[in-house]
Amino acid sequence: MTIQWFPGHMAKARREVTEKLKLVDIIFELVDARIPISSSNPMLQDIIQQKPRLILLNKADMADQRLTKKWIEAYEDRGLKALAINAQAGNGMKEIVKAAQEILHEKRERQKAKGLKPRPVRAMIIGIPNVGKSTLINRLAKKNIAKTGNTPGVTRAQQWIKVGKELELLDTPGILWPKFEDPETGYKLALTGAIKDTLLNMQDIAVFGLRYLEENYPDRLMERYELSEIPDDIDHLFDHIASQRGCIAQGGDTDYDKTADVIVKDLRTQKFGTITFDLPDKDPV
Ligand code: G4P
């Protein structure tokens, strides 16, 4: 999947989301639990304005549980409700309906007081590509709904999916691209597999990953690459990993590109365990 950075696409995606907003009571903002901030779109608040929002930290199975808890608290401090879910396994689905009802409770009580008949909560999912939007829709719908392309401009009639008696979900999600002004966000998106073919240099991504592990999960780094201590010099660390993993070029030198591929693959496939790359105290909500 290729990320489109073009402002024209962003404007179009924004228009489409704005159109659909009118149809729903609440937004389910899907983010990657490993990178709640880097996988969100900074314009979302501006686009949805006063529309209530429930934050779903998806792929929680791959995130550091301790930090997921801290993220939920950080959102709570900002007056936002967040839930950790695993759309692939279907964990946390019941809680979504319950939380949506709680968020909308007052509004619904006001409607009741005016004599309006209660109807199911209407919701739409918004998120960046690959965050698990289709997986979640299918989970909630309990059937397989064809995946729509990530290309904005593919419009068709909206359909509502009934999720029990209490919730109706738009069958097409809103897609907003991540917006990265700093390379770190790009590295994190690349390391979590949100972007695959990337404009970023693979060695830079690997170096970022190694430094992050060194700082936050040094034991796991040492265990994976059988290190008794972490070398100060990043080149030496690359050399060690290269010799351990057979990434040697002709002539016996380290093949840095191949080594970078190995490191990035190890990070993407949870070889260091569950890791969270955005930190609530460093990347606040
Ligand atoms: P999108 O609609 O937002 O673009 O995302 P989609 O549902 O297609 O999900 C992207 C990938 O993420 C899928 O893997 C999906 O199975 C996986 N995924 C979604 N939710 C979860 C979750 O809670 N936990 C885990 N571990 N994985 C999840 P895929 O089809 O294998 O694609 P890929 O891995 O080749 O990208």
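Each residue, glycine too, has its Cβ placed from N, Cα and C.
Annotations in TrEMBL come from automatic prediction, not curation.
The Cβ of Gly174 (GTP binding site) lies under 8 Å from the Cβ of Ala13, Glu16, Val17, Lys20, Ile27, Met124, Ile125, Ile126, Gly127, each of which sits 6+ residues away along the same chain. As annotated by TrEMBL, GTP binding site applies to Asn58, Lys59, Ala60, Asp61, Asn130, Val131, Gly132, Lys133, Ser134, Thr135, Gly174.
If you look up TrEMBL, you'll see 14-178 marked as domain 'CP-type G'.
Checked against ligand 1, the binding-site residues Asn58, Gly132, Ser134, Gly174 give Asn58, Gly132, Ser134 in sequence order as having a Cβ less than 6 Å away from one of its atoms. The local packing around Asn58 (GTP binding site), expressed as other Cβ atoms within 10 Å of its Cβ over all shown chains, amounts to 30. The full span of the recorded GTP binding residues, Asn58, Lys59, Ala60, Asp61, Asn130, Val131, Gly132, Lys133, Ser134, Thr135, Gly174, taken as their largest Cα to Cα distance, is 24 Å. Taking all protein chains in view, 24 other C-beta atoms sit within 10 angstroms of the C-beta of Ala60 (GTP binding site). Following the DSSP three-state reduction, the secondary structure of Gly132 (GTP binding site) is coil.
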